[in-house]
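Okay, so here's the structure we're looking at.
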Amino acid sequence: MGTVSSRRLWWPLPLLLLLLLGPTGTRAQEEDDDDYEELVLALRSEEDGLVDALQHGATATFHRCAKDSWRLPGTYVVVLKEETHRSQPERTARRLQAQAARRGYLIKLLHVFHDLLPGFLVKMSRDLLELALRLPHVDYIEEDSSVFAQSIPWNLERITPARYRADEYQPPNGGSLVEVYLLDTSIQSGHREIEGRVMVTDFGSVPEEDGTRFHRQASKCDSHGTHLAGVVSGRDAGVAKGASLRSLRVLNCQGKGTVSSTLIGLEFIRKSQLVQPVGPLVVLLPLAGGYSRVLNAACQRLARAGVVLVAAAGNFRDDACLYSPASAPEVITVGATNAQDQPVTLGTLGTNFGRCVDLFAPGEDIIGASSDCSTCFVSRSGTSQAAAHVAGIAAMMLSAKPELTLAELRQRLIHFSAKDVINEAWFPEDQRVLTPNLVAALPPSTHGAGWQLFCRTVWSAHSGPTRMATAMARCAPDEELLSCSSFSRSGRRRGERIEAQGGRRVCLAHNAFGGEGVYAIARCCLLPQANCSVHTAPPAGAGMGTRAHCHQQGHILTGCSSHWEVEDLGTHKPPVLRPGGQHDQCMGHRGASTHASCCHAPGLECKVKEHGLPAPQEQVTVTCEEGWTLTGCSALPGTSHILGAYAVDDTCVVRSRDVSTTSSTSEETVATVAICCRSQHLAQASQELQ
């Protein structure tokens, strides 16, 4: 925690105006928010008009990497507000240089961003941060930091569907319609694995190597990039053997780069896309650094422009949400497994995990091109290799269906993955329920499954422990939020609900007094032409409980949720499992508001499946039949010991407190409600295309 002294100004206003070019005091406050540190600088003055005169009404923020040793003080990315004019970055940079010069400081302008985000990169003294943060149009400033390569033939067999396996890897197509951009070290483009398949661009933005005695050898400088290029599209050991690669050098010979160089590389891709639009683009980011707001924002901008980004989860045996670009929601984040489908261990470290990981892929002892010679091969391990596998699979899927959106591609990658094959005991206990048990695999047919209703589960960050703390989970813009649930390890929660925020529906979960925090869990689905709404029944106060219905004609129940204001609902009468004709309603505790999520979409049909067991039960599950997709997962009110409900693939899981600490009555029941849906419209459309 650091502070900067603040001085009150008592001189007359005319004299103050003469002194405006002199240093002005501020007060700074640093807060460590786990993911990053934020420094908020605001101008303080006795003269109310002084702030307006300087146009310093808005407060900008300063961010830096949470890991001390990764910080690069003296280099800063200045990000302007989104609505600023295209010419504003240069004007703001010139203004900053001029004001710094009057104070005896020199500022070196390293790069101006236009096409990715409005801003610029500067090299300057930390003493000028106060000045920069007070400039008009500045949204935030981030100190530069380091990023690192994430690398420390069973792999091709593993991603091939079982019924297609043979002695030779035979993918459905080569990914020839897709360009893959690789942001990495330099590449030995003459290696026979990738010769003629890789275009080495003239882009290069890398820091100097550490150590004065470091000897640059071509084989060392090209090592990481050459291996990954071979994994993506190598002739013998590649996943997508027909995909073309473009190499951008953002890592030095030691496999080290910076956030700023990665940003400049991403902007290079965006500029190329604008100048010469081509087919589908995949960007492979086999690197990781500390959490970076600006790097995540850049990934978001590029994804919204139609680019698919695939990133390494990181090799730190840690929560991937603490690293970038792995933590960016728009990025497909990949962890690493070995030949036995177990998480990769790398000495004392290993693959990252957690809710920010989308899936895992082969990442141990991966055979690929070696930069030692043009015919050499080498074995490498890490989440970089895992991400390269998924980039290759994505290239093949996009070659088969170039019109796939990022949301559609991600849903297909999840749907066709091998499920429940990873030993979850490897992960920390608090991360097991959050980490997807999925290993990437090619679909049996890249043209098939057009009839399938695709859904995925999105977990929020953990809320704080305060009584009014909330957690929020949201779907991608192209996805529909069909249901919302919540989970608390302590069981102290106040339920969940769907709410509209900024024109989008989000899933909110509420912590309770004495609770340790909650998670919100959104069920996000691809449902074209859907019209969805939520119908709420207020607390009944008496009787069996509350019931919420789908009132609009043609609307079908896709999910149930409930929330309450009291701290403890107490024990409820045993739930009554509904007969077949009453599956258009949600049932809740009489003291809770109950919400029915209802949707109208062409050909949509849904059914409710319920299963109850006498308490205590650690968990009760219900699974949808093949051909049906789980859209809603909730618990019927039958016991006060419910921890929450969440979806794992097409299985609804309701958890209750540990039986050893539970004192339940013989009347209490743990009951799970699964809503399973399918789309006849999608099935018909798929048949027409075939």
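Using the three backbone atoms N, Cα and C, a Cβ is placed for every residue, glycine included.
Partner cysteine of Cys599, as given in Swiss-Prot, is Cys532 (from among Cys524, Cys525, Cys532, disulfide bond). Within the set Cys507, Cys524, Cys586, Cys598, the cysteine that Swiss-Prot bonds to Cys550 via a disulfide is Cys598. Listed in Swiss-Prot as the disulfide partner of Cys525, from the options Cys455, Cys475, Cys484, Cys586, is Cys455. Within the set of disulfide-bonded residues Cys253, Cys356, Cys532, Cys633, Cys652, the entry lying nearest in space to Cys484 (disulfide bond) is Cys633 (CA atoms). Per-residue pLDDT, averaged over the region 'C-terminal domain' (448-690), rounds to 86. Within 10 Å of the Cα of Cys652 (disulfide bond), not one of the disulfide-bonded residues from the list Cys321, Cys475, Cys532, Cys550, Cys560, Cys677 places its own Cα.
All chains included, 25 other C-beta atoms sit within 10 angstroms of the C-beta of Cys677 (disulfide bond). Between the candidate disulfide-bonded residues, Cys321, Cys507, Cys598, Cys624, the densest Cβ environment within 10 Å is the one around Cys507. Counting in whole angstrom, Cys321 (disulfide bond) lies 25 from Cys633 (disulfide bond) by their C-alpha atoms. In the three-state DSSP assignment, the secondary structure recorded for Cys356 (disulfide bond) is coil.
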